[in-house]
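Student: After the structure tokens below, expect a handful of questions from me.
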Amino acid sequence: MEANKQPFDTGLCKMFIREYGPINPDHCMHIVMKMMSDYEIKIDPTLYGSLIYLCTLSSTNVIGEAVQILYVNLEQHSHHIKLKSFSTLLNLYKRVKKTEWIPSSVRLVAKNGIEKPEEITYCVALNACADLADMDSAGEIIEMFNHQGFKMTSQITNILIKLFGKSERAEDIPSLISGMKDANNAMNTYTFSIALNACAEGESNKTNDALADSIIDMYAAADVKPCLEVYNPIIKIYCRRGELSKALRLITIMVEINIKPDFFSFNALINACADEGNEKIGDAAIKLMKSSEVQIDLKLYHTLVRYYCIFNRIKKTLQVFDEMTEKGFTPETTTYTMALNVCCEVINDRLGLLVLKSLDEKNVKLTSSLGGAMIRFYVMINQLEGAYRCIMKMIKAGVVPDPNSFTLVMSESHKRKKTLMSEQVFGVARDHHVKLHFYDYRIMSEIYCNSGRLSEAVAMVDQMIKDGLNPDHLNFQKIVTGLCAAS
């Protein structure tokens with residue numbers, strides 16, 4: 001016992017967790033950790049279990065210290081911990097991203113426990129490692145699993161497929177699936193869902209595309225019921241590869257065999273059509289989506305707005321905004337931000353102005369990203385005064401624009417010889433302590449030199465140095481030229 005710590009009644013600590021934990025677990029955790037820091041508390045088997053219970057109730061950001069205490073004290077409690085509690089402990093390791101603690105903990109319980117780890121215990125351990133892509137710890141778990149004489153089941157193989165999909169061993173997934181067939185282990189929709197999702201998350205290249213095709217062929221040959229969870233990653237794979245007609249055909253087949261496509265199915269395809277510039281398939285997908293009565297969520301509405309903006313479908317874009325409002329979806333700042341950014345990319349000033357009008361009518365809250373998109377659009381249509389008003393409106397709303405917005409307006413104002421506008425924007429940025437770019441200082445230095453305000457130009461160069469920016473020869477050249485002319 002440490003000399004500076006007084007003993008504390010273990011029973012009181014357990015009672016406190018039992019009574020207060022369900023009411024306010026995070027605060028309870030804070031107090032319990034303070035107790036353990038300030039007092040000497042004996043962690044008996046019941047308190048050990050109470051700590052596990054409290055961790056399951058508490059937020060992940062407050063349990064780190066408690067989970068470490070559980071890990072450190074596992075050795076003295078490994079002989080009596082129940083497998084159900086032990087599985088919970090393994091998942092707590094995952095929550096605090098400490099899956100490297102799992103192998104040693106499993107060994108302890110296997111050696112000392114009154115209940116030896118069962119197949120389900122190894123599944124929990126391996127799944128935790130798979131979720132965090134911890135290949136090293138997973139390898140140790142598999143080694144222990146095999147040493148205990150357990151057979152490779154469908155459940156373990158499915159977890160391995162998930163693990164391999166997150167690692168450099170994705171190419172081994174087909175052999176795992178073949179092994180299931182050879183061992184007469186039942187392949188199910190989950191098997192192919194996780195395998196194909198792993199392929200869908202990867203980049204489109206020769207190796208990954210061949211892997212995806214191999215798994216799709218195995219799925220077609222397997223006696224597995226068609227389902228949405230398998231078709232959706234296949235759609236994503238086709239879209240990633242630009243095989244849009246295949247994706248549309250698959251969704252059509254889904255409808256024909258009474259598998260109702262969801263928002264994910266159409267979101268992937270419509271987005272891909274926008275990226276590939278394929279309006280024909282995109283329109284066909286939207287028509288099929290409407291006839292299938294798919295429940296459209298906010299993300300899919302965003303995709304539709306983006307799609308119609310890219311193809312300059314002004315009326316359709318505004319209809320989507322109206323439909324969102326009718327269905328109870330208030331178009332968010334992200335919707336407007338995306339729409340304005342697309343209008344800038346495709347140079348659609350008419351639609352952009354209508355979007356700005358809709359934004360103003362609905363009194364949408366300004367954010368840094370939305371304000372940045374508005375400023376960018378105003379600059380694109382040569383309305384620098386509008387861009388400046390937007391900057392001031394953002395500041396009034398308590399949102400300071402990012403440095404790039406100031407640079408954009410200053411740069412365009414300087415190009416159009418609107419010196420006063422450049423000075424106003426620069427002044428606003430300095431007043432609000434925005435960290436400006438090198439180019440902004442150069443613009444102001446040049447403005448001061450051109451107007452004969454050489455002392456201000458010198459002060460500007462000095463300020464650049466103070467702000468950690470190194471003036472180049474152009475800054476000094478203008479000043480020296482001005483000084484020579486003045487003398």
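From the backbone N, Cα and C atoms, a Cβ is placed for every residue, glycine too.
TrEMBL feature annotations, pasted as is:
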type	residues	note
DOMAIN	119-279	domain 'PROP1-like PPR'
REPEAT	227-261	repeat 'PPR'
REPEAT	297-331	repeat 'PPR'
REPEAT	437-471	repeat 'PPR'
Student: Mean pLDDT across the repeat 'PPR' (297-331), rounded to an integer, is what?
Tutor: 85
Student: Using DSSP, what's the helix, strand and coil tally for the repeat 'PPR' (297-331)?
Tutor: 26 helix, 0 strand, 9 coil
Student: Looking only at the repeat 'PPR' (437-471), what are its DSSP counts of helix, strand and coil residues?
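Tutor: Split by secondary structure, the repeat 'PPR' (437-471) comes out as 26 helix, 0 strand, 9 coil.
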